[in-house]
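Trainee: Sharing a structure below in structure tokens format, with a few things to ask.
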There are 2 protein chains.
Amino acid sequence: MTTFPTPRIDEVQALIAGQRWLDLRDQLSRWPAPEIADLLRELSAAERMLVFRVLPRTLAGDVFSYLEHDDQYELLTSLSQEETRLLLASLSPDDRTQLFEELPGQVTQKLLNLLSPTDLREARQLLGYPEESVGRLMTPDYVAVRPDWTIARALEHIRLRGRNSETIDVIYVTDDKWRLLDAVELRRFILAEPSQTVRSLMDESYVVLSAFDDRERAVEALRRYSLPALPVVDSDGVLVGIVTFDDLIDVAEEEVTEDFHRSAAVEPLRGNYLEIPVFELVQKRVPWLVALVFVNVFSGATIAAFQETIAAVVSLVFFLPLLIGSAGNAGSQSATLTVRAMATGDVRASDWWRLLLKELLVALLLGSAMAIAVGLLGVVRVGWQVAGVVALTMLILVLMGSLIGMSLPFILRRLGLDPATASGPLVTSLSDIGGVLIYFSLATYLLGI
Amino acid sequence: MTTFPTPRIDEVQALIAGQRWLDLRDQLSRWPAPEIADLLRELSAAERMLVFRVLPRTLAGDVFSYLEHDDQYELLTSLSQEETRLLLASLSPDDRTQLFEELPGQVTQKLLNLLSPTDLREARQLLGYPEESVGRLMTPDYVAVRPDWTIARALEHIRLRGRNSETIDVIYVTDDKWRLLDAVELRRFILAEPSQTVRSLMDESYVVLSAFDDRERAVEALRRYSLPALPVVDSDGVLVGIVTFDDLIDVAEEEVTEDFHRSAAVEPLRGNYLEIPVFELVQKRVPWLVALVFVNVFSGATIAAFQETIAAVVSLVFFLPLLIGSAGNAGSQSATLTVRAMATGDVRASDWWRLLLKELLVALLLGSAMAIAVGLLGVVRVGWQVAGVVALTMLILVLMGSLIGMSLPFILRRLGLDPATASGPLVTSLSDIGGVLIYFSLATYLLGI
């Protein structure tokens with residue numbers, strides 16, 4: 001996929017062994033930051049330091065921001081104060097915020113003291129925004145121009161300020177109080193006549209975020225308008241920074257991971273699964289598991305109520321896992337389809353009725369198919385009477401499971417909860433209760449016990 | 001989130017009623033394409049046509065590409081041949097490919113005949129690439145320059161070609177045979193001295209895709225290198241097109257949706273959930289459900305083997321759903337955590353052992369917690385003997401479920417299958433079998449039946 005020579009660890013180690021620092025530096029400069037970050041992960045702590053030290057300043061910053069948190073921490077602890085100062089200076093403000101967020105408080109304090117006055121003010125401001133907010137993602141390094149400038153002057157300004165700005169793909173137009181007036185893509189400047197004014201490029205229709213917006217809103221905006229960067233304003237409409245698409249892609253991935261975890265009744269986890277400590281994993285998994293134990297108790301209680309039936313026709317129990325399992329499976333399918341459709345915006349709260357009718361039809365067809373399958377199995381094993389009960393139960397349970405799975409996300413959202421909490425395990429446990437009740441009631445009645 | 005006046009349907013309808021086409025056109029031009037697409041969806045078919053007809057040409061193309069497929073189809077059928085010709089011409093090549101992909105074959109043929117010779121050649125070429133390939137996503141509208149040009153000349157060329165190119169955020173350097181030599185961001189041209197040569201900006205390290213690569217590779221590349229656009233070459237290294245980040249974001253979302261569906265044992269579905277016909281939904285859900293019925297049969301058979309035990313101590317059955325349910329829940333958690341970690345690249349095949357040990361520890365802790373919970377419940381209900389059996393079983397089942405859930409994705413990948421097939425329902429059904437077997441064996445043995 002890539003054409004540059006991807007770093008070969010043995011080559012690098014050879015260069016280190018030979019102390020050929022210049023060659024090493026030269027080699028590394030030809031590789032993109034993510035590759036070097038992966039390489040560092042494979043090296044010994046000592047080698048890692050050596051390689052990191054020979055990296056050109058800015059590249060070092062990029063590479064650092066691609067490292068896992070614990071690798072970052074380890075590096076920081078082994079760097080000299082001066083090296084740390086230089087590293088921090090070479091990080092982009094948004095990467096810096098992310099680093100400070102993740103480090104233990106006192107370490108962050110130490111690092112803040114190493115920042116230049118300007119960077120310090122900046123960092124304090126960014127860290128001032130609520131967690132998960134757009135403010136935490138943004139960088140103040142953008143280029144802004146004034147409406148009355150000519151394109152020529154604007155381009156001159158872009159040349160000057162562009163070097164240390166995160167992106168110049170979009171140029172922002174502000175008034176003299178730095179209030180955002182418009183966002184114009186750099187290409188439009190290139191394609192315009194130098195003598196035109198900036199105003200002539202403005203259409204005053206642009207997407208803007210508040211620094212206090214939840215970062216998910218930024219992701220929605222990216223998906224919807226597919227812009228390389230989005231401007232961020234404070235409550236007075238003053239342009240305080242920008243968020244770039246690459247940061248939002250990372251956020252989007254994190255949010256998706258959280259939804260996956262919820263879908264399996266795991267409290268959302270952050271960071272590399274391999275790095276997460278055992279105790280944290282237990283913490284995130286145990287609440288739902290134990291909660292569901294208590295839900296499942298009702299299935300047990302229901303069965304207890306039917307012990308005569310069971311004692312009379314033990315063969316009924318043979319089909320119990322099959323029946324409640326199928327109800328749960330159908331339910332998980334419906335829940336997942338609905339939750340995901342809500343996440344992508346395909347399904348809105350108002351679509352409930354529409355979906356309900358559709359789901360009924362789908363479940364009816366699914367249930368019939370499975371009733372036939374299990375009925376045939378049953379006849380062979382336990383005769384047509386029990387088989388009939390089992391087949392009928394299967395049909396009803398698949399219907400029930402599907403409806404629970406489809407409706408739960410809507411109910412949760414209505415209650416102001418995250419629809420994604422309608423996890424497979426929750427739906428399964430709920431339909432277990434209903435399943436047991438329906439199964440044994442039907443059996444007791446139809447088999448005249 | 002947005003500052004432009006978002007379209008208000010009643011205003012639009014008023015303008016239509018008043019036949020104030022110019023005002024309408026003027027209004028619409030100030031809104032971004034996605035907003036107008038949403039607006040169209042709310043209008044009647046007749047109104048939709050009218051509004052669509054007053055849209056400025058290029059905007060019409062953008063709006064069209066944001067519509068749902070059936071809305072696109074409906075529009076196409078009601079447009080005159082000339083209107084269709086103009087619409088097709090205003091679509092970007094990649095949007096055109098997507099449209100042709102989704103329309104019925106003969107319709108696509110009709111449309112192809114309306115294309116200009118150049119567009120036709122282009123379309124045929126793009127449609128020639130395999131489905132789900134990078135070639136289907138790319139657009140040939142890029143700007144390429146030569147290494148020996150000066151920046152000034154390059155910028156001149158960019159101005160000329162830039163208008164009808166999908167993006168100029170990245171400029172491509174090719175030799176005279178159009179073989180790709182480098183990819184350079186526009187900003188670097190802006191920041192460079194006009195007298196410099198293009199070569200002086202080249203570092204020959206760039207990311208490139210093959211038109212035949214699976215589109216997932218393009219998404220990986222976007223995630224990893226966060227570039228606004230990626231160049232695509234044919235087997236001779238000739239630059240045949242580019243893919244832009246916005247198209248890749250859409251692909252990424254589709255891929256995630258497919259993984260969600262797999263996680264619930266649904267064959268991946270495309271398109272808006274509300275629009276998908278009932279029969280297709282059944283088709284996508286029934287295979288796994290029925291397959292799992294046959295898996296669940298083994299649980300039934302196992303129970304049958306233990307009917308004396310059950311007859312002797314009916315109260316054992318009370319805890320059956322609880323126990324196998326918990327095993328399934330723990331298993332779903334592990335499976336989802338592992339599958340997602342594989343999808344994000346956090347976990348590689350080689351990490352199996354490392355994860356296994358960790359999972360053992362986690363499951364042991366989870367199992368103990370739940371054994372205690374269920375044990376206490378049991379003592380109250382059925383005395384310490386059965387309660388003991390239940391608690392011990394719980395511990396073992398949670399261990400078993402977790403290990404099945406964690407290992408299955410690795411096994412599937414090893415078999416060359418998609419790890420995401422290790423769905424909650426599959427894991428649940430598998431651990432049901434083991435659960436029933438372990439539970440009743442322990443009971444028979446410990447209760448000395």
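From the backbone N, Cα and C atoms, a Cβ is placed for every residue, glycine too.
Not my notes, these are from TrEMBL:
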DOMAIN    B:202-258  domain 'CBS'
TRANSMEM  B:286-306  transmembrane segment
TRANSMEM  B:312-332  transmembrane segment
TRANSMEM  B:360-380  transmembrane segment
TRANSMEM  B:386-412  transmembrane segment
TRANSMEM  B:424-447  transmembrane segment
Trainee: Out of B:286-306, B:360-380, B:386-412, B:424-447, what stretch is closest in contact terms to the transmembrane segment (B:312-332), meaning most Cβ pairs under 8 angstroms?
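Mentor: Out of the listed stretches, B:424-447 contacts the transmembrane segment (B:312-332) most.
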Trainee: Of the residues in the domain 'CBS' (B:202-258), how many are helix, strand and coil by DSSP?
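Mentor: Going by DSSP assignments, the domain 'CBS' (B:202-258) contains 25 helix, 16 strand, 16 coil.
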Trainee: State the residues, same chain only, that lie 6 or more residues beyond the ends of the transmembrane segment (B:360-380) and have a CB under 8 A from a CB inside it; answer 'none' if no residue qualifies.
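Mentor: Beyond its ends, the transmembrane segment (B:360-380) has Cβ neighbours at 319, 322-323, 326, 330, 334, 386-388, 390-392, 394-399, 401-403.
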Trainee: To what whole number does the mean pLDDT across the domain 'CBS' (B:202-258) round?
Mentor: 90
